[in-house]
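*Asks:* Provided herewith is a single structure, encoded as structure tokens, for subsequent inquiry.
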Amino acid sequence: MRVLGIETSCDETGIAIYDDERGLLANQLYSQVKLHADYGGVVPELASRDHVRKTVPLIQAALKEAGLMASDIDAVAYTAGPGLVGALLVGATVGRSLAFAWNVPAIPVHHMEGHLLAPMLEDNPPDFPFVALLVSGGHTQLISVTGIGQYELLGESIDDAAGEAFDKTAKLLGLDYPGGPMLSKMALQGTAGRFVFPRPMTDRPGLDFSFSGLKTFAANTIRSNGEDEQTRADIARAFEDAVVDTLMIKCKRALESTGFKRLVMAGGVSANQTLRAKLAEMMQKRCGEVFYARPEFCTDNGAMIAYAGMVRFKAGVTADLGVTVRPRWPLAELPAV
């Protein structure tokens, strides 16, 4: 059984084909980073137009990579939300149209469920139950996961997501878009302890996050200490350490409250090597395990949508004839399978 996955929720066009027996057969990705770089962030209209240009050619490339024809596809999965409405509509319209033309089911997929299940693509996938840390440019959430669709929100950011805070602080440091990965690279040259940033909301009970204050703290620190190269690196180090420590503290609390021994980290920020190392160290001390996808499957991609689509397809989920997307879509609303 083979599922074609289409991801167009933001600024990456991702197409993949997943086979339930052979695994991932094809994975095509086009990033719009250069398109949006001059604007310092994603421009929704430009993103939508570029998805229109790239989606069908990438589908053709994926079929060629897998050595398949359209008649070999058993279902088409597409990201139906959350995300940018225009971008979502491109993928949903193409996916629904292909499914109709090929006479196969169309499977709407939740973008964050795709991220959550991305570690399942690895050779050592996690077993249920586990705590999931979904951490990206648009989301920072802690989820109790006891099965597919059995998701309980434990905590989330009340303002900026962690990835958003990375990008905004990187901009303050004069780094180009997308700044998060560049900030992490700069932090490697920083001196630990020269600056100490707060660990927001760790001094009170609960599992919610708040990262907007760190951006303000960074701006004030830059203003007070100048902008020479080493100072900028030291500030980047202090900022990253604060975010990583905050995420680690909240993950530890979530594991303690649930009693689970497994932690899954997913989303674009899960590619951060400092975060991976800190969480791995924490889980080793707790005699637990941490799981995450390979770096190319941490950011938006079609493989996670194809896999999540396969899981939902086997459970009997299909789309109605119309094209519907949900720019805002709580993960907890998904049905269990």
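Cβ coordinates come from backbone N, Cα and C, glycine included.
Note that this is a predicted model, so its numbers are computed, not measured.
Below are the features I grabbed from Swiss-Prot:
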- HIS111, HIS115, ASP300: Fe cation binding site (BINDING)
- LEU134, VAL135, SER136, GLY137, GLY138, ASP167, GLY180, ASN272: substrate binding site (BINDING)
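Can you walk me through where each of these features ends up in the structure?
*Replies:* The C-beta environment of ASP300 (Fe cation binding site), restricted to residues of the same chain at least 6 apart in sequence and closer than 8 Å, consists of GLU7, SER9, CYS10, ASP11, GLU12, GLY14, HIS111, GLY268.
Within 10 Å of the C-beta atom of SER136 (substrate binding site) sit 24 other C-beta atoms, taking all shown protein chains into account.
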*Asks:* List the residues of the same chain that sit at least 6 positions away from ASP167 (substrate binding site) in sequence and have their Cβ under 8 Å from its Cβ, in sequence order, or write 'none'.
*Replies:* GLY41, GLY137, TYR177, PRO178, GLY179, GLY180
*Asks:* Fewest other C-beta atoms within 10 angstroms of its own C-beta: which of the binding-site residues GLY137, GLY138, GLY180 fits that?
*Replies:* GLY138
*Asks:* Cβ within 8 Å of the Fe cation site centroid (HIS111, HIS115, ASP300 excluded): which residues?
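*Replies:* Once HIS111, HIS115, ASP300 are set aside, the remaining close residues are GLU7, SER9, THR79, MET112, GLY114, SER136, GLY267, ASN301, MET304, ILE305.
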*Asks:* Just to be sure I understand the packing, how many Cβ atoms besides its own are within 10 Å of the Cβ of VAL135 (substrate binding site)?
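*Replies:* So the Cβ neighbour count for VAL135 (substrate binding site) comes to 29.
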*Asks:* Using DSSP, would you call ASP300 (Fe cation binding site) helix, strand or coil?
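*Replies:* For ASP300 (Fe cation binding site) - judged by DSSP and reduced to three states - the answer is coil.
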*Asks:* Measure from the CA atom of HIS115 (Fe cation binding site) to the CA atom of VAL135 (substrate binding site) and give the result in Å, rounded to a whole number.
*Replies:* 9
